[in-house]
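Okay, structure first, notes after.
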Amino acid sequence: CPGMAVLFARGTGEPGNVGLYTGPSFFTALRNYVNGSTSVAFQGIPYPASIPGFLAGGSPFGSAVMATLANKTAAACPNTKLVMSGYSQGAQVVHNAMTLLSNGTLAGYTNTTTTTTTTTATAVDSRVASVVLFGDPLNGTAVSGVQSGRVLSLCNAQDDICAQHGDVVTLDHLTYSQNAAQAAMFVMQKSALG
């Protein structure tokens, strides 16, 4: 099991499972900060990052895949630090996955009481070391199941997608690779590795 597992959901229209700029830059920066102090596994979320998914508030399929991968990773590797991250629609997917995890189970924590939110939110919060969101269309909305101090939401002031909750992709929405080092440092601090 790795010391840290990063689950990343790419933005709308991006190729592969980590996209072109933000995902790869974030992964590279995190590897540089870790510098061999722990093993890191990066997993892009395979989902159709399409416009209908963005308009629906994040792909339901991608959200379910991310929640499932988080649950499987946490169950198989109880000491692994989980990091949930996404760019643009991928940030919506993170919100949705965290809601699914908060309403269900994570890493063997079964929800058997009527106070489901409290019971499971505690379980989720204890397993997710940090959440990093780039250009989040839901900017300003709390992430379910994790303390706000473990969430970094990066939003450029002129980014229509996250600053205005609009749907126009401006240059400011395409430059989050420049925030990769900041995001990596945050993850390291919240994982008590930096």
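Just so you know, glycine gets a Cβ as well, placed from its N, Cα and C.
Database features (TrEMBL):
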type	residues	note
DISULFID	Cys1-Cys77	disulfide bond
ACT_SITE	Ser88	active site, nucleophile
DISULFID	Cys155-Cys162	disulfide bond
ACT_SITE	Asp159	active site
ACT_SITE	His173	active site, proton donor/acceptor
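DSSP classifies Cys1 (disulfide bond) as coil under the three-state reduction. Calculated from their C-alpha atoms, the gap between Cys77 (disulfide bond) and Asp159 (active site) amounts to 37 Å. Here the Cα atom of His173 (active site, proton donor/acceptor) is found 5 Å from that of Asp159 (active site).
Sequence-distant contacts (6 or more apart, same chain, Cβ under 8 Å) of Cys155 (disulfide bond) comprise Gly135, Asp136, Asn139, Cys162, Ala163. With respect to their backbone Cα atoms, the residue listed as 'active site' and Cys1 (disulfide bond) stand 38 Å from each other. Recorded residues Cys1 (disulfide bond) and the residue listed as 'active site, nucleophile' have their alpha carbons 29 Å apart, per Cα-Cα distance. Applying an 8 A CB threshold to same-chain residues 6+ apart, the list for Ser88 (active site, nucleophile) reads Gly11, Thr12, Phe54, Phe134, Gly135, Asp136, Pro137, Ile161, His173. Within 10 Å of its Cβ, the residue among the disulfide-bonded residues Cys77, Cys162 with the fewest other Cβ atoms is Cys77.
Among the listed active-site residues, namely Asp159, His173, the Cβ with the most fellow Cβ atoms inside 10 Å is that of Asp159.
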